[in-house]
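Q: Residues or ranges marked as signal peptide in Swiss-Prot: 1-27. Residues or ranges marked as domain 'Peptidase M14' by Swiss-Prot on the basis of sequence analysis: 52-372. If you look up Swiss-Prot, you'll see HIS114, GLU117, HIS248 marked as Zn(2+) binding site, on the strength of sequence analysis. The N-linked glycosylation site annotation in Swiss-Prot covers ASN139, ASN390. Here Swiss-Prot flags GLU342 as active site, proton donor/acceptor.
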Amino acid sequence: MAGRGGRVLLALCAALVAGGWLLAAEAQEPGAPAAGMRRRRRLQQEDGISFEYHRYPELREALVSVWLQCTAISRIYTVGRSFEGRELLVIELSDNPGVHEPGEPEFKYIGNMHGNEAVGRELLIFLAQYLCNEYQRGNETIVNLIHSTRIHIMPSLNPDGFEKAASQPGELKDWFVGRSNAQGIDLNRNFPDLDRIVYVNEKEGGPNNHLLKNLKKIVDQNSKLAPETKAVIHWIMDIPFVLSANLHGGDLVANYPYDETRSGTAHEYSSCPDDAIFQSLARAYSSFNPVMSDPNRPPCRKNDDDSSFVDGTTNGGAWYSVPGGMQDFNYLSSNCFEITVELSCEKFPPEETLKSYWEDNKNSLINYLEQIHRGVKGFVRDLQGNPIANATISVDGIDHDVTSAKDGDYWRLLVPGNYKLTASAPGYLAITKKVAVPFSPAVGVDFELESFSERKEEEKEELMEWWKMMSETLNF
């Protein structure tokens, strides 16, 4: 009885804290809608999903609503603040929220990087509510995902830009108003241009991954980086993300690396070493969206060049070159593979169309999330069973390595096939293993590395044994 009372009190306290947080947010937010507007929105909900645009206070309210409904599998946190002080909110869904469980991969969705591209923002709010609802209903797919994956959802990377775009009168919004952050910075051109570094390294030799290793301080000191950009860079570097998607608007296509062309031309297919798996990941999204994958779909605009589009996917450089983009930054600075998904021809479509966008994208969002459980996964440990962090996992024939996380766990996304994987770490002898990879689930391959000191001791013992044997044989 006391335990039940304690749980009720805890829930009540949580609700009061959340309510106070929301009231404070609305009091300080000049664009907050009136109470009557909020009541109207609640009347238009289905399964807790309000198919309407959420201004900043309403976004917070929607995330808190999910958290209060599914406290056991969710938490809300912030990675930083926008230039105007709005929080960059994330809702996490996991069977152990707030904790990296060894062997469990980390996934992220990011929306609304361009503030006037609003569909992704709303879809991610809807997705959080949907995952909560379906988990409580016992949906096997969703339950398995939440029990085996740590899912991070950031509905808006550019809340300042969204507020500017949403403040325009009428349904027809300007194509560019609110695209940039409050400083006028295009966030998807604001990341360190690691493509240029890796293109030089391809020719002259050099690292093929983690090109910002140990350079967090330099990022903080770079005055050209927006606060939103810096916050996401730290997020990417601090959590061992495996897979990600960045949701945009203005077209209908799933875009994969590289985004920036090698030659500097405007259009050129720019494959990365993991071109095969990236093509497969992009198709995993587009193929479940009936509009995006329709081969007879006309271009969004009369003069659009969609010649690079195949099955609703495109290589970024083949479409148009983007220097300083977040997608390639993920791939070249961390273990995270990210694609960019363009969700709608209109950037800020009428509110009444949001439900149809959800219906078109719901299965794609879930199917793409499931792709994190492909390829190879495992642990790198020493002979005593201690985890080895930052061990390098190399795949023969693919010039892009990944590294193990702090618990020695690693994940390597791959298409089906036969591979040779090598695990190595400073001070240890490398080990190579052969592995046959199916489509899914991921194959478990663990590595136990012997240190050089252990090998020397072993060789010394072998030499002593040999000397003893020779002494006995020759009667020394």
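From the backbone N, Cα and C atoms, a Cβ is placed for every residue, glycine too.
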Q: Taking only C-alpha atoms and a 10 A limit, tell me which of GLU117, GLU342, ASN390 are near ASN139 (N-linked glycosylation site). These are the recorded positions.
A: none
Q: Any idea what the model's mean pLDDT is for the domain 'Peptidase M14' (52-372)?
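A: Summing pLDDT over the domain 'Peptidase M14' (52-372) and dividing by its length gives 96.
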Q: Do any residues at least six apart in sequence from GLU117 (Zn(2+) binding site), in the same chain, have a Cβ closer than 8 Å to its Cβ, and if so which, in order?
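A: For GLU117 (Zn(2+) binding site), the qualifying residues are ARG179, LEU247, HIS248, GLY249, GLY250, LYS347, PHE348.
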Q: How many whole Å apart are the CA atoms of ASN390 (N-linked glycosylation site) and GLU342 (active site, proton donor/acceptor)?
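A: ASN390 (N-linked glycosylation site) and GLU342 (active site, proton donor/acceptor) have their Cα atoms 34 Å apart.
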Q: Centre the Cβ atoms of HIS114, GLU117, HIS248, go out 8 Å, and tell me which other residues of that chain have a Cβ in range of the Zn(2+) site.
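A: Those within range, site residues removed, are ASN112, MET113, GLY115, ASN116, GLY120, ARG179, ASN188, LEU247, GLY249, GLY250, GLU342, LYS347.
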Q: Using Cβ atoms only, which residues of the same chain lie under 8 Å from the residue listed as 'active site, proton donor/acceptor' while being at least 6 residues apart in sequence?
A: HIS248, GLY249, GLY250, ASP251, LEU252, VAL253, ALA254, ASN255
Q: Ten-angstrom check, please: count other Cβ atoms within 10 Å of the Cβ of ASN139 (N-linked glycosylation site), all chains counted.
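A: For ASN139 (N-linked glycosylation site), the count of other Cβ atoms within 10 Å is 16.
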Q: Relative to the Cβ of HIS114 (Zn(2+) binding site), which residues of the same chain, six or more apart in sequence, are found under 8 Å away?
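A: Result: ASN158, GLY161, GLY178, ARG179, SER180, ASP186, LEU187, ASN188, HIS248, GLY249, LYS347.
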